Amino acid sequence: RERKRGMGEVTNHIGTSINYNGEEREQGDAESNTLNQPLVKANRKLSSTPLALVGTKVSHIESLDYEYVTGLMMFAGANLGLTLIASVLCVCFAPTAAGPGIPEIKAYLNGIDTPNMFGATTMFVKIIGSIGAVAAGLDLGKEGPLVHIGTCIASLLGQGGTDNHRIKWRWLRYFNNDRDRRDLITCGSAAGVCAAFRSPVGGVLFALEEVATWWRSALLWRTFFSTAVVVVVLRGFIEICKSGKCGLFGSGGLIMFDVSHVTYTYHVTDIIPVTLIGVIGGVLGSLYNHFLHKVLRLYNLINAKGKIHKVLLSLSVSLFTSVCLYGLPFLATCKPCDPSIKERCPTNGRSGNFKQFHCPKGHYSDLATLLLTTNVDAVRNIFSSNTPNEFSMGSLWIFFVLYCILGLFTFGIATPSGLFLPIILMGSAYGRMLGGVMGSYTSIDQGLYAVLGAASLMAGSMRMTVSLCVIFLELTNNLLLLPITMIVLLIAKTVGDSFNPSIYDIILHLKGLPFLEANPEPWMRNLSVGDLGDAKPPVVTLQGVEKVARIVDVLKNTTHNAFPVLDEAQVVPQVGLANGAIELHGLILRAHLVKVLKKRWFLTEKRRTEEWEVREKFPWDELAEREDNFDDVAITSSEMQMYVDLHPLTNTTPYTVMENMSVAKALVLFRQVGLRHLLIVPKIQMSPVVGILTRQDLRAYNILQAFPHLEKSKEAPCLSLDPWTLNASIELTGHNLTTTLSPLSTTMTGYLRHKNLVQFQGWCREGTETAL
């Protein structure tokens with residue numbers, strides 16, 4: 001039987017093939033092709049039509065050669081295998097390794113501890129899974145996972161290893177506290193960005209701008225030292241790997257996307273396209289965040305069905321990606337190689353420009369050059385300067401639309417994934433297209449338009465400015481881009497903020513992490529912490545020397561992580577305290593109560609213990625461990641009647657606020673100090689403590705659930721007047737307003753609006769909102 005030839009050819013009965021140009025050539029045996037030869041022979045000329053003429057019949061099936069089908073199967077099979085490895089590791093061994101990890105790092109540095117986020121298993125799964133996911137050709141990057149890997153290494157170094165194999169050297173106790181562990185994780189995140197982009201200063205600024213909630217001057221030089229060590233080690237390995245024995249690592253040196261050889265001058269007319277790039281980046285970034293939010297909500301429903309569904313979802317996305325990457329280059333026309341360029345053209349290797357793919361000898365496929373290569377090489381190709389005709393407008397449109405679709409559907413599957421590189425690819429594509437449209441109307445090169453487009457889309461989606469500016473300068477090594485890059489980033493961020501939050505804030509919301517924003521809502525000034533405490537159940541307290549039965553009952557029936565400890569006040573005649581008065585001794589953690597029960601540190605009589613007894617029973621390293629599993633503790637009936645002295649384990653200096661303090665001030669204090677609990681004490685000492693606030697109590701959504709009327713006061717400005725000390729008499733005569741405050745504790749400046757009549761908006765409280 002005769003083997004039918006490729007697209008656009010007619011096979012006759014004498015063993016030759018005739019193409020549409022009337023040329024005759026001998027048929028080659030497809031079975032004799034070796035693996036070293038390209039899938040399509042150099043002398044075979046293919047048309048762009050997807051139909052094949054066989055005799056007088058039109059067939060869609062026979063338009064695919066045997067070699068192309070085999071290549072697609074091998075390509076998709078390899079990608080499916082790599083995706084399967086990455087997905088199974090994440091689903092079965094470390095679910096916290098899926099995704100970029102940056103939102104969880106940001107949440108931890110805000111005070112939210114996600115279990116198993118920085119463990120050894122998570123780190124190894126993140127490393128292997130990132131290799132598999134990136135090698136599978138998925139539309140994701142390694143930058144986010146590298147940040148997570150850096151924080152895992154920092155956490156493990158700080159605590160002396162894993163939980164089961166921990167080194168307990170005495171000097172490690174200096175890092176076994178929350179503040180130093182936060183500092184180490186911040187340094188790890190900066191080191192991860194430096195390793196991903198080879199950008200030491202950008203890594204420091206990324207940690208400062210994006211992930212860190214509390215920043216100190218000492219933390220600045222520590223993160224800078226970490227990134228300096230990273231860049232020195234990177235430079236050393238790049239020198240070692242110059243021979244090519246390390247694969248693609250080190251290609252390009254420390255500057256990944258060097259465009260320093262491009263020189264240009266600014267003109268007044270360049271302000272218009274630069275502003276346009278910023279506006280488009282902000283709009284597209286906010287649209288990307290909006291649609292990604294919808295896709296992630298859909299993925300949450302699919303992933304909730306079980307582990308099999310998570311793996312199948314990952315494999316489905318991988319198969320769709322492979323088919324698109326392999327099939328779409330057939331839609332592009334072949335372009336002849338430019339003989340003036342020094343680079344080899346065409347190529348069929350694993351990296352580089354000018355992919356031949358299905359094109360004849362001396363021609364290349366510009367779309368295959370962008371799709372069938374590594375993501376880093378694809379960025380280099382789009383950033384290439386002085387190449388106005390290297391990529392056609394149609395290929396850039398196909399590339400842009402494809403990566404917008406893949407970027408939406410790839411992020412959220414059960415594999416380690418990063419957002420940086422996919423967004424850079426999308427932004428650089430529309431930036432280069434805009435540069436092609438501008439043509440001779442601007443002096444800026446198309447490659448530099450691509451750089452500005454990538455920066456604008458990242459600012460429009462992630463809402464970063466300073467760190468992104470420095471990262472792009474270190475990536476491209478072109479200081480001439482600094483002024484227009486700053487303008488583009490500021491415009492894109494401003495436009496994006498007017499539509500929706502950043503992509504990391506959206507992920508934090510979807511994961512249900514109670515992240516506290518830096519700025520409280522305006523209506524929080526009109527609510528006191530006393531009102532917030534009254535809306536909660538009564539506070540659960542313990543005595544300084546408490547019965548074991550009471551402690552067990554509290555631990556079983558509550559999920560609180562800390563409890564106020566009350567004690568009898570000493571008689572002080574000068575102050576006027578009488579016998580039986582109760583004072584607030586401090587705050588004790590749930591983990592310490594569990595530790596007491598497990599150690600069975602019980603007393604047969606109600607008394608206070610000595611300091612040496614506590615030091616003998618509770619070493620410092622055991623008290624630093626956060627152990628709150630109470631299920632395996634068995635207490636006998638006789639032990640239930642014994643006592644426990646809680647005084648030595650109590651924090652005697654907890655943070656407290658008066659009950660008439662506004663929620664806005666309490667939120668600022670809670671966030672800036674990095675608290676976990678905040679005690680509410682009464683203005684009049686009727687009882688030592690009237691409530692306790694946690695992170696969940698200070699979230700705007702939870703407050704509005706308890707006080708729905710505050711939703712109405714969002715739009716109207718209200719006076720922050722103390723409702724207990726306000727005694728105002730208002731006389732309105734014509735346009736004159738006379739106000740008397742007793743005591744004079746606040747001002748009305750800014751709350752009075754003078755039009756035809758004077759309008760006064762009263763302080764907002766349930767049932768007392770007044771307008772005169």
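Note: Cβ is positioned from N, Cα and C throughout, glycine not excepted.
Features as listed in TrEMBL:
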- 650-711: domain 'CBS' (DOMAIN)
- 1-36: region 'Disordered' (REGION)
- 72-97: transmembrane segment (TRANSMEM)
- 117-138: transmembrane segment (TRANSMEM)
- 184-208: transmembrane segment (TRANSMEM)
- 214-234: transmembrane segment (TRANSMEM)
- 246-265: transmembrane segment (TRANSMEM)
- 271-291: transmembrane segment (TRANSMEM)
- 311-332: transmembrane segment (TRANSMEM)
- 396-426: transmembrane segment (TRANSMEM)
- 479-496: transmembrane segment (TRANSMEM)
Task: Stretch of maximal Cβ-Cβ contact with the transmembrane segment (117-138) [cut-off: under 8 Å; candidates 72-97, 271-291, 311-332, 396-426] - done: 72-97
- [ ] With Cβ distances under 8 Å as the criterion, find the stretch in 72-97, 311-332, 479-496 that has the most pairs with the transmembrane segment (271-291).
- [x] 479-496
Task: Secondary structure content, the domain 'CBS' (650-711) (per DSSP, counts of residues) - done: 25 helix, 12 strand, 25 coil
Task: Cβ contacts under 8 Å made by the transmembrane segment (72-97) with residues that lie 6+ beyond its boundaries - done: 104, 114-117, 119, 121-122, 124-126, 128-133, 135-138, 148, 307, 310-311, 314-315, 317-319, 321-323, 325-327, 413-416
- [ ] Within the domain 'CBS' (650-711) only, compute the mean pLDDT.
- [x] 89
